Every structure is written in C-alpha cells, then in structure tokens.
Amino acid sequence: MSPSSSRSAACDCNGQVECTVSGLNPVSLAEFTLDGGDGQTYYDISLVDGYNLPMAIVMNSLGTSSLAGYPANLTNPSCEGTASQLASSSFNPYSDGTQTFLGTNSSYPLPFDSKVSTNDASRWCPWNLLVSPPDKPGDGVYPYPDDNIQRPAFSPCYSACSKWNKPSDCCVGKHDSPSTCSAGEYSHAAKKVCPDAYSYAFDDQTSTFIIPIGAGFEVVFCPGGRSTNILATDTTGLTHKSAGHNPLNSHRVLGLLFAMTTNTILFSYFF
C-alpha cells in the first residue's frame, strides 16, 4: 500500500474496490475472451502492463463434453516471477503420487521451468523499470554493474510500454504488426521467468491458450511453485494457435498487491 494513502502501490483502481477502469500499472493480468465468435475461449496471463505478483489460471471443464480431451497440464498456466515465492529447481508437487497442484496430478503433471534461479527471479526486472529502485549509495552514484546493489524484497516491475508509452514498445502506430514490433529487454526478461505469459503485444505463439467454450476458471494469486512452460513444450497443439493479444470484449482480472502479504488467494471466476 502507498504510505500516504489507503491505495495500492500497483494496480489501484482510483481507491475503489469495485474496479470499473484499468488498474494502475504495473499489474499482472489474467485475460479472458469467453467466446471469440468461433466457438473458442481465449485466455492468457499477461505481463504486457508489467508485473506485480505471481498468478496462475486453473480451468474447470464443468462437465462440458467438448473439453473432456483437454488434460489440466495443458490448460493451467502459472507465472512465478517473485524470488521469495519461487520453489527449488527440483520442485515436484506430485512426489507422493497423490498430491495435486493447480488442478493437476502425477498422471498429468505440469511442465515446470527449471532454469530460473532464485537470484534470477530477484533481478530479472530491468533496473530502470523497477517501481521502487534502491536508494543510491552515499556518494549518490550507482556502481557498475547496478545489480550488485541489494534490491527490495518486493518491487513491482513496469513494462517498457507501461512506463514510457512509446509506439515501438507498445506496438501501436507504425509498429502495429509483428514485422514492425519485436520483443525488447523487458519482454525477453519477463519471458525467461514466465514462459507461458504474454511479454509484449505480439507474443502470441507461446502465450495464448485456446479451448472450446463452456469452461469455468479460477485465478490463483501467489500459487507458489515454479512457472509453467506448457505452450513451448506441448506437442499436441490442443491449446495453442495464433490469437492476438487482448482481443475485444476480453475480461481482465487484476493481480492485487495486497495478495503479496497473505496466504494464497483463490479468485473463482466462472462463466
């Protein structure tokens, strides 16, 4: 929370609990287009507006017959970009054969990224995009490299677009196509810690999940564990094709900053 008010330092909706406008950046987002007009539901975790907390999406088939062939390990992405919440590289929530994690089990285990270290997770945000960078040393000059300075235990991270609003970063104007807008430093860093999340506007191929309509969804804040790497490793093609970021009529669920100081929060979002 902001020390001078009751507002959140990130994703705040002008002090209102009932959010009717986009939240204050930076913010982790879960986005849903329930019916894209083609009988498909499109959904994703998006870091295009920045990152403020870990997030996962759990799909519930609700008994819909057309979803029977979609195992949970292909539909339930997770983004874990906060060092204090990151599990070890050997993370295995199914070790005893009976445990479940984010709706999955040992028969259909989630594919987790194993390359990102705790140090990586604590330093992935580019220095000039930190919301609360550390104070400069006593002489007022940052040493080089900057990453030798201890960073805050938690600091939200702006995306390049949300901080500078440049057409080349936001993929608008003459940069409004995949051929004229490419991933920058922030996007590459975000994609490393959260492989299944959108990192910039044209990051479709390894970011958008597509399933038949009829599902319900649960958005989980601070799920723990590690980020998933579903779309880059899936060979079935069940939940993946080019879609385009933030399609019309999508529903957006903000990652609230206060969730960082509580236990895992479950936000049931059924349609």
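Here the Cβ of each residue, glycine as well, is placed from N, Cα and C on the backbone.
TrEMBL lists a disulfide bond between Cys125 and one candidate from Cys157, Cys161; that candidate is Cys157. Record source TrEMBL places Cys171 in a disulfide bond whose other cysteine, from Cys181, Cys194, is Cys181. Here the candidates are the disulfide-bonded residues Cys125, Cys157, Cys181, and by Cα distance the one nearest Cys170 (disulfide bond) turns out to be Cys181. Other Cβ atoms within 10 Å of the Cβ of Cys181 (disulfide bond) number 20 in total over all chains. Comparing Cys157 (disulfide bond) with Cys171 (disulfide bond), their Cα atoms are 19 Å apart once rounded.
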